[in-house]
């Protein structure tokens, strides 16, 4: 399997069963770059294809999560040119997790600003942790730009309609406390502790049966917005495969023997 290489704009680190992806342009508040997104796509592929990776964390360096598009760089070339020259392609969409969801849990560990594309990437994650001073917002409309990371479609599916419209149409920024109250994030921790909390969550997830975790995640996604009677058919099909696995035998056996289970992902 190909190794994911870290680069100046993004760092990739393996800790146990968890892959940590760090956006690494702190001088630009971790604004997105072509190189950063290339490495991120490689990392997503690694998470999906490496059976020993059970969880992934996305974070940012230097006390920033991600400021989205590099607006200063955009002054060198009209933003619309990327649609003409082909630079806005599938790899960029994949990096932003637009239309792509990982097969394993993805946790966001947010410190500082997660603005525009930063909040858009956030919506592609499953569990979200933020330092108490973190800021969120989808501010593209302020600069007569459009949220190409998918927020006009998926934000309203994640928080109440009127709150989604408020954020999208005013472009205002909100605090971590407000984001938690809206349901955009799940955990608020002291500043500097977001990654620590994310690692705790990743360890808890990785200790569970990987087949069960991935199946639950798949069922959540595949049945989203479906009528229950249709969703339960898919839910049952996915669940039966888990019950037929070797790990489904190991779990109850470990419980009966009062020991930690040794799951083999099969």
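Cβ atoms are placed via backbone N, Cα and C, with glycine included.
Over in Swiss-Prot, the protein carries these features:
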type	residues	note
ACT_SITE	120	active site
MOD_RES	135	N6-succinyllysine
ACT_SITE	140	active site
MOD_RES	142	N6-succinyllysine
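Residue 140 (active site): 22 other CB atoms within 10 A of its CB, across all protein chains. The 10 Å shell around the Cβ of residue 142 (N6-succinyllysine) contains 12 further Cβ atoms across the protein chains shown. The separation of residue 142 (N6-succinyllysine) from residue 135 (N6-succinyllysine), Cα to Cα, is 16 Å. Applying an 8 A CB threshold to same-chain residues 6+ apart, the list for residue 120 (active site) reads 68, 96, 98, 138, 147, 149, 150, 151.
Just so you know, the Cβ of residue 135 (N6-succinyllysine) picks up 19 other Cβ atoms within 10 Å once every protein chain is counted.
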